[in-house]
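Structure first, commentary second.
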Ligand code: SF4
Ligand code: FES
């Protein structure tokens, strides 16, 4: 194993560059160094102008997502030793988002989509505090727990060619969050979220590429959530037809 | 400082960049041979309505090497289509208490038994129906 590794970073400086171009940095190689720590090394020792995001260093905050050799991954959860044999790796900002600067993607669109699905527990009527908490059995928790592990890192959006083609698609994490609340026994908001799921930008945009679930660092399996959303949307459609046939209003 | 975000357009070659995308497109592409196969079958049915001679000619035409190769490709595409589809079933069909693995196995076994039954029925009924004559 050689004692240094070449890290090529796609740099983009707005106002200066027309498009991102790669810049090479040589970083001392050690087996326990993460890609994020390598970026910190570059910034501290080689080039203070490099821009990238991070916070927790432990796969919790979801801010350090970048394309590492063409795959969306968390910088803090990926180690240089994986690339030691090749002696180089390439970094660029997350695909499918506009690049703000260097490795920083503008994830505004993703944040908007998260809001669209009302990712909070909706109650038809608020209970007074005196009635105590909303309780849930372990089995009820189990139904949605996996989908509540999402850290909003956006890797699944960088993995989704449908979002890349048209970013009005609500996308994997937002649709997962919709299912997460729809499956929550304390929530009354499913009917309200159905409109977003059924819409043009909703679940039916998904063509089951499935790469989102492969790259998710938290094993959320957004592809499962989106496609269960299709099942829910189909049932909703059938029920609405039935209601219309009976002369009622659809919901 | 003014913002000037860089937007990379999605190129036609996006699916070449990543093995996961290539696998996806291969799976989707299996629909093409299956579509052509359906057309071939419908043609056969049509020839059948035109009388025995037309039908026998159609059968003979299919013996050409090109068509044999096509059928081999269509079978391969069909198997790949079924296998990749069944692989995805646990993501659509979630039954509390039954693991995704069992659901997948169940589908694989059902597909094998179902195909064997259909194939068996075809092999048995073919001579009964007078074969190609
Ligand atoms: S579903 Fe997974 S990949 Fe997508 S934002 Fe959440 S944690 Fe990240
Ligand atoms: S720095 Fe928080 S997820 Fe990587």
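Using N, Cα and C of the backbone, Cβ positions are placed for all residues, glycine too.
Automatic prediction, not curation, is the source of TrEMBL annotations.
Annotated in TrEMBL:
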DOMAIN    A:3-97  domain '2Fe-2S ferredoxin-type'
DOMAIN    A:140-162  domain '4Fe-4S ferredoxin-type'
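Packing against the domain '4Fe-4S ferredoxin-type' (A:140-162) from elsewhere in the chain are residues 59-65, 67, 72-74, 94-97, 105, 107, 110, 114, 169, 171-173, 176-177, 179-181, 183-185, 205-207, 209, 211-222, 225: each is 6 or more residues past its ends and has a CB under 8 Å from a CB in it. Remark: secondary structure over the domain '2Fe-2S ferredoxin-type' (A:3-97) totals 19 helix, 31 strand, 45 coil, with classes taken from DSSP.
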